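What follows is a short report on a single structure.
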Amino acid sequence: MRELPHVLGIVLAGGEGKRLYPLTADRAKPAVPFGGAYRLIDFVLSNLVNARYLRICVLTQYKSHSLDRHISQNWRLSGLAGEYITPVPAQQRLGPRWYTGSADAIYQSMNLIYDEDPDYIVVFGADHVYRMDPEQMVQFHIESGAGATVAGIRVPRAEATAFGVIDADESGRIRSFVEKPADPPGTPDNPDEAFVSMGNYIFTTKVLIDAIRADADDDDSDHDMGGDIIPRLVSDGMAAVYDFSNNEVPGATERDHGYWRDVGTLDAFYDAHMDLVSVHPIFNLYNKRWPIRGESENLAPAKFVNGGSAQESVVGAGSIISAASVRNSVLSSNVYIDDGAIVEGSVIMPGTRIGRGAVVRHAILDKNVVVGPGEMVGVDLEKDRERFSVSAGGVVAVGKGIWI
């Protein structure tokens, strides 16, 4: 087995996630449940741990209690071996202020870097759904001789306004990096696609420290990794791009190779769940060679009684479907669906109860929602807009603990 370089993982998990409201009303975006058994942060942590990067600091800020608890309960590594995944809330080490941006979060947490003294630093976001082997990107970074490496992926040009757009030469050196342009340029071989940043970076340690310090002294900076740090290093000729399509994950299928989803909106979050439910899913949760680790609750198996059924669906542990019909849906743990209820094309989070004869369609129900007997969600959008959030794509989102 090849000896790994000394790498520190920093996961940026302070995102507020306003576009995912109401799912982020009571929790940080990386703590939002996903896929029936996980939270969003589990994907980046699984990728790092599977690659044997076992010294990880998770920088948190916004409503971080459930995120901190999830990490502490479900991501315990061997302290005796010097391994750790530790949530680090804003420490206010530099005065009575919170993080003002992702770069400022690292600046205020520089003691973590000094204590670990790594050769390289992996800085990844905490709110994307994907599999990736970070070791391959680190090796690319080392061989390229760059000071910073940005993971890049092709997306439709119409969607690129939400990302940092990359232009690189044939060797992979980045010539320009524009954060969230109004009119993104297409790629040379396909004008309808753009090459964008995934928000995952590798840095040589000294390069990151110097860039973060310089940014902290710049009063005109927004102190953002994508908006300020990467453009600074691009202008210095120190940044390269790693093409995510070259990343080979053990056990990946042809369908889910290169799968990556930004789930920052209700529609994107919903669509990513629908990617899970087909017989041959676009994203396969069942890859045992690169497992996604999540909640470790000790729950009974799911149960179907009185003719209850689920088709093309994911059903979490502890759930009971009684004489009800579930289709094309993702149910988390401890969901109860009563006699005659119909759930179609929906995402149901832990502890939710759907009453006798109720109908739920094209909806996201957060934790501990109670849908009363005969009630309907996602059937009459005009009525739903008066009481819930409805996305541009017509997805009805019901907040945590609401009784209907």
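Using the three backbone atoms N, Cα and C, a Cβ is placed for every residue, glycine included.
Residues or ranges marked as alpha-D-glucose 1-phosphate binding site by Swiss-Prot: Tyr99, Gly164, Glu179, Lys180, Ser197.
Location within the structure of each feature annotated in Swiss-Prot.
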| residue | record | CB count, 10 Å |
| --- | --- | --- |
| Tyr99 | alpha-D-glucose 1-phosphate binding site | 23 |
| Gly164 | alpha-D-glucose 1-phosphate binding site | 24 |
| Glu179 | alpha-D-glucose 1-phosphate binding site | 16 |
| Lys180 | alpha-D-glucose 1-phosphate binding site | 14 |
| Ser197 | alpha-D-glucose 1-phosphate binding site | 22 |
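According to DSSP, Lys180 (alpha-D-glucose 1-phosphate binding site) sits in a coil region rather than a helix or strand.
With Tyr99, Gly164, Glu179, Lys180, Ser197 listed as the residues that bind alpha-D-glucose 1-phosphate, the site has a largest C-alpha separation of 22 Å. DSSP assigns Tyr99 (alpha-D-glucose 1-phosphate binding site) to coil in the three-state reduction, placing it in neither a helix nor a strand. Secondary structure at Ser197 (alpha-D-glucose 1-phosphate binding site), taken from DSSP and collapsed to helix, strand or coil, is strand.
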